[in-house]
Amino acid sequence: MRHSPRKRFGQNFLQDKYIINEILRAINPLADDNMLEIGPGLGALTQPLLQKLNQLTAIEIDTDLQSYLTCLPASQGKLNLIPADALTVDFCQFGPHLRVVGNLPYNISTPLLIYLLKFITCIDDMHFMLQKEVVERIAAAHGTKAYGRLSVMLQYHCEVEYLFDVPPEAFEPRPKVDSAIVRLTPYRVSPFESVNTEKLENIVAKAFAMRRKTLTNNLKGIISLSQLNDLGIDGGKRPEQISVAEYVQLAKFISN
């Protein structure tokens, strides 16, 4: 099929067979898995997944691609295609133990990752191809330049594994940036205290609103320097120097 990639959907189609096989190896799909693919595109990953699975659900927003995907020989009787924007879908409707995969459009990858956290109790694992810079941010340790809101929110909910890089020449058209594969596995037993996710997201967003300012400055009116000291958190530090566990402490304090 000749399909002109659409800029508004951030489309870059994976074509490199070696990379596709490496992604499949990382996912390790089993026949009875409850698997969902976001943005299947031209089916580079969809078709080999269908060969291994009894059933695959896929969410595709592009109407041209929806028609193409339903006509693939491998899709017959096995592909459950949802014509929708992934940012509007209730992922828990597909049942428990959901395994989510996808080459996420770079223009919506961050909001989509944050959105998926709402359905984390229904998800067993997630394997995504993302812009390399986004994967670096997700996996970043506190105290590093890449560490930010996305790092805290995803590391609070999931074990993060940076798997491997994908060069631009693996795609058509070639993106101007490198890509990478990440595995996100929601904790069954969390290493962190349980807190209100909305409160955590709010405190993290405020803390990182101005990265060059101190935590005390960014959280002015929410928590005082003396209260930070009582929690054992250095208010003179910048937001990227505060660990996930410390942000959890802050969210718990605000909730109380």
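Note that Cβ sites are derived from N, Cα and C of the backbone, with glycine treated the same way.
Swiss-Prot lists ASN12, LEU14, GLY39, GLU60, ASP85, ASN103 with the feature S-adenosyl-L-methionine binding site. Take the CB of GLY39 (S-adenosyl-L-methionine binding site) and look out to 10 A: across all protein chains shown you find 25 other CB atoms.
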### Query
Given the binding-site residues ASN12, ASN103, which one is most crowded in terms of C-beta atoms within 10 angstroms?
ASN103
### Task
Let me know the largest Cα to Cα distance in Å among the S-adenosyl-L-methionine-binding residues ASN12, LEU14, GLY39, GLU60, ASP85, ASN103, as an integer.
20
#### Entry: binding-site residues compared (GLU60, ASP85) - the one with the fewest other Cβ atoms within 10 Å
ASP85
